[in-house]
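Per TrEMBL, the features are as follows:
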| type | residues | note |
| --- | --- | --- |
| ACT_SITE | Asp20 | active site, nucleophile |
| ACT_SITE | Asp22 | active site, proton donor |
Amino acid sequence: MTNLSQTQELFRRAEAVCFDVDSTVIKEEGIDELAKFCGVGDAVTEMTRKAMGGSMTFKKALTERLSIIRCSREQVNKLITDHPPQLTPGVRELVDRLHERKVKVFLISGGFRCIVEHVATQLNIPLHHVYANRLKFYFNGEYAGFDESQPTAESGGKGKVISVLKEQYGFKTVVMIGDGATDLEACPPASAFIGFGGNVVRPQVKERSSWYVTSFGELSKELEKI
């Protein structure tokens, strides 16, 4: 694990920065918002807490939560229209600054592609830079499960995505930013991990992060040091 000054330096010269989405780039946990919208909020929020704390495998938690929600395509579309994801303050400016420096920005999420693509569009991140889970629906629009072949459906999936990115683009320095256990475990293969506590503080992530920030302004300020 890198120390604080090493992590800061790696961030300043990163070729790619990968962001978690739920409770990092956006204020909410997308799956919890979907559950609330479908009337099963409390049961799912408790399971999300366990999954984020690392006491249950991610895939098991995802499967169990979705089997409670059983959202239709129509409900998902209505959620995005009626309650669009709220960007965390400062993230738009940070992503713009990274883009200006020709840094590649990726969104790697255990959430759902339909919601994450909406976020990517707001941040001018190309959709082929989005890695997230895909919900499946029957022809009549009813819930049919999720694509279990996506790397983000598994514990350790974010690390697998970063390995693929390094191979595909030849990146030497990739930084992962996120709030949860699944983000922390992506380093390595990520060169460095930055813990984010601007929306929710997860103690085990804070303790194990050599650099822990509570606002994206701290990261934007770091880029000015070059």
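Even glycines carry a Cβ here, placed using N, Cα and C.
Small disclaimer: the values here were computed from a predicted structure and weren't measured.
Over all protein chains present, the Cβ of the residue listed as 'active site, nucleophile' has 24 other Cβ atoms lying within 10 Å. The Cβ neighbour count for the residue listed as 'active site, proton donor', using a 10 Å radius over every protein chain in view, is 29.
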